[in-house]
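Engineer: Next up is a structure, given as structure tokens.
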Amino acid sequence: MAHGQKSHRWALTQGSFSLALGLTLLSLSLLTVSAADEYDYYSWQADNFHNGRFYTKQPQCVDIPADLRLCHNVGYKKMRLPNLLDHETMPEVKQQAGSWVPLLAKRCHADTQVFLCSLFAPVCLDRPIYPCRSLCEAVRDSCAPVMETYGFPWPEMLTCDKFPIDNDLCIPMQFTGNHATQPPVSKVCPPCDNEMKADNIMEHYCASDFGEYTKLTQMIPSNIQI
């Protein structure tokens with residue numbers, strides 16, 4: 001019963017997230033039109049994020065494939081390719097994004113998916129929209145300790161100082177306050193955090209290197225015929 005209630009609450013949270021993200025992207029799409037002559041976003045991108053990299057092909061809008069597990073249910077249907085991490089082909093996007101799917105299962109922050117997908121599968125608008133620096137910092141502060149538990153540092157490609165501050169055109173946090181962070185991840189070591197079922201217990205028991213001492217109360221002669 002408790003598990004069902006938790007799943008229901010998570011489904012409601014995801015629904016609220018999709019609505020909030022949709023409204024945010026609608027606002028950003030209007031801003032990109034109204035502020036096109038006032039905000040040189042491509043100049044900022046080339047100077048501070050991509051270091052002046054030129055792509056071999058023009059950006060295009062493509063459908064987010066169902067097997068792009070990180071982002072296929074993020075709240076929008078089309079993405080910009082090349083993406084904002086310099087991945088120019090869909091196979092490359094899928095390969096690199098697949099490494100981050102396990103982090104979503106940890107639910108270390110409610111905005112983990114929107115942050116990662118804003119880079120791996122950016123929404124298809126007239127100009128690239130990066131995550132706000134505060135969004136990056138919130139996800140990093142909640143998820144970096146989880147990654148470090150498994151031996152993975154927060155990667156340099158996601159250094160938060162690279163992203164625009166909140167008063168620029170960027171994707172902000174979708175959740176604030178107590179709704180931003182999911183329940184803390186268990187501090188138990190990963191091998192000890194698995195549910196021990198009967199088969200697992202027997203397997204570990206048989207594989208263990210130990211001896212068992214018992215006290216004999218009766219000896220049965222070996223020459224008895226049964």
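Glycine is no exception: its Cβ is also placed from the backbone N, Cα and C atoms.
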Engineer: Please name the cysteine among Cys132, Cys136, Cys189 that TrEMBL pairs with Cys160 through a disulfide bond.
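Structural biologist: Here TrEMBL pairs Cys160 in a disulfide with Cys136.
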Engineer: Can you tell which of Cys61, Cys71, Cys170 is bonded to Cys117 by a disulfide, based on TrEMBL?
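Structural biologist: Disulfide partner per TrEMBL record: Cys71.
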Engineer: On the 0 to 100 pLDDT scale, where does the domain 'FZ' (56-173) sit on average?
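Structural biologist: It averages 94.
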Engineer: Using the alpha carbons only, what distance in Å do you get between Cys71 (disulfide bond) and Cys136 (disulfide bond) once rounded?
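Structural biologist: A Cα-Cα distance of 17 Å.
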Engineer: Taking the Cα atoms as reference points, how far is Cys117 (disulfide bond) from Cys160 (disulfide bond) in Å?
Structural biologist: 15
Engineer: Between Cys71, Cys117, Cys136, Cys160, which of the disulfide-bonded residues has the fewest other CB atoms within 10 angstroms in the structure shown?
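Structural biologist: Least crowded of the disulfide-bonded residues Cys71, Cys117, Cys136, Cys160, by Cβ count within 10 Å, is Cys160.
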Engineer: Could you give me three numbers for the domain 'FZ' (56-173), the DSSP helix, strand and coil residue counts?
Structural biologist: 47 helix, 11 strand, 60 coil
